[in-house]
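S.K.: Structure provided below as structure tokens; questions to follow.
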Amino acid sequence: MQIQKIVMEKFRNIFIGIFLVFFAQLTLPILFEWKINLNFWYIVIAIVLYFLLVDFKNPEKIARNAFLLILSFGTVIALIRPVQYALDEESHLENAIGISDSFLFEYSDETISDYDSVFLHDGIRNQANFKGDDYWYNVEHQPSKIAGVPKSFDNPSFLPGAIGWNIGRLVSNKVYISYYIGRIVHVLAYALLVFLSIKISKVYQKMLYLMGTLPSALYVVSGYHYDYLYYGASLILVALLTNVLARKEKITSKFVVKFQSLVLLFVFSKFPFVLLGTLLTFLPKEYFASKKARILGVVSFFPVILFAVIYSGILNIFNFSGSVTGESPGLGYFLKHPLPIIRTMLSAPEAILENFIRRPLQYISHDSGLLFTATTLIVLSVLFVLILCTRITVPKIWGTYTVLLMLGITFLMVYAITGDPRVYNPGNISVGGVQGRYYYFMICLIPLFLGNWLNSFIPIIQPSEEVDRKLTIAIQYLLSFLVIFTVSVGFYTQI
């Protein structure tokens, strides 16, 4: 009887998922049509496999369920999204192919022939000379030209794309095979990082699940983009920190090494977040297992920041070109004219809601008002409930320092982007191009910092184990169907 009930629930979920694929079209200002093509079947297969494999009823499997959700529908996004339509893919793809050919350094005389082949099928940036599907599915790999002297380090955050590209080369001489495998390996890398973060966490699993499976996050990581590393490292760091703050473990020397190794990953994805390595310094001594561990927690940041400034070229001991701030007007300019950065920092909540949470899709022909509304309501409602359920005491000094550090990192992110003339020129009112996804780590901390404070105004009884289990199930259902709905809207509206 129990098996029969489980089977019926799985068929029910599959039916609802497939229904959402058709229903999504009704939420758009377009004429209804039965769009049954290969991309449709990719979505249907993902829905069937996903619901057959997941187990929502067992809270112990939430990490596995997150992995399956990301891998299933991230792969679908990677396959159905047009070539070069993923975020920043025009530049990041070339970096990934470059690593597969030159591995450690970028050289002064490089010609990435495979990237040139992909560019001819780029419907956004090469409309005048665009070549269609007949070209795309037949163009073959060409050797790259790597010559000259090293001019900068290759960015290892693009390794998943490079690995996927080389796997494609091994199985086929067609460029498109490498292209899609590279995208899928990016999805796999992100899914593994989310899985690890939830597995590591002892008190913050539901928040990590929410942030890890956000539709907007899936759409970013399903292309050649290094934010998979920023998101994944952020989630694991938050898992480690909340374990310590909730007194579930003490900081040992081994913990410090793991923590700073994760911080090091930000050098390759979101440079200002390297400063998170200072967080251990301001924790009270009772959070450490020994005096040795506390000393190591302080001094271990110095080799991390030294590597960061050398790699980024701030300390240019290798005489490499490049800068993390481009051609910025400089700190002196912004000390005299601070308002553009201040205005941009104050607009962070709008950026988070508008272009990260509410609008997960890019390059679409029509908007779905229902998708925007559903995404906003679901994410904010789940976040509010998780805030109410979070009871972790944050040490006052550490909490104050962390808030100031987040403001400092925000300033540095905005300052760094002022070097891009596409988004800022001296005299502009504010700095453009600062997107909501930049604040991913800050969003992860919201329940931690607001939990006890909000409970002082809205006191609720700590949920029982059964209520907590039902909440875990509900969140997984909501995010699963939201992801399916988002992918379905993208299926009908992708340019």
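Don't overthink the numbers, they just go from 1 along the chain as shown.
Each residue, glycine too, has its Cβ placed from N, Cα and C.
From TrEMBL, here are the annotated features:
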- 12-32: transmembrane segment (TRANSMEM)
- 38-54: transmembrane segment (TRANSMEM)
- 66-87: transmembrane segment (TRANSMEM)
- 177-196: transmembrane segment (TRANSMEM)
- 228-246: transmembrane segment (TRANSMEM)
- 262-283: transmembrane segment (TRANSMEM)
- 295-318: transmembrane segment (TRANSMEM)
- 369-389: transmembrane segment (TRANSMEM)
- 401-418: transmembrane segment (TRANSMEM)
- 438-461: transmembrane segment (TRANSMEM)
- 473-492: transmembrane segment (TRANSMEM)
S.K.: Do the transmembrane segment (66-87) and the transmembrane segment (473-492) come close, with at least three CB pairs under 8 A (pairs 6 or more apart in sequence)?
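M.R.: Result for the transmembrane segment (66-87) with the transmembrane segment (473-492) is yes.
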S.K.: Which bits of the chain, at least 6 residues beyond where the transmembrane segment (228-246) starts or stops, bring a Cβ under 8 A of a Cβ in it?
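M.R.: Residues packing against the transmembrane segment (228-246) from afar: 157, 160, 186-187, 189-190, 192-194, 196-198, 200-204, 207-208, 211-212, 217, 220-221, 255, 258-259, 262-263, 265-266, 268-270, 273, 276, 279, 283, 287, 392-395, 440-441, 444-445, 448.
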S.K.: Give residue numbers and ranges for long-range contacts of the transmembrane segment (401-418): same chain, 6 or more residues beyond its ends, CB-CB under 8 A.
M.R.: 270-273, 275-276, 278-279, 282, 324-326, 328-329, 331, 334, 340-341, 344-345, 348, 394, 424, 431, 433-434, 438-439, 441-442, 445, 449
S.K.: For the transmembrane segment (369-389), find every same-chain residue at least 6 residues outside the stretch whose CB is under 8 Å from a CB in it, and list them.
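M.R.: For the transmembrane segment (369-389), the nonlocal Cβ contacts are 24, 27, 206-207, 210, 214-215, 353, 357-361, 446-447, 450-451, 454-455, 458, 460, 462-463, 468, 471, 475, 478-479, 482, 485-486, 489.
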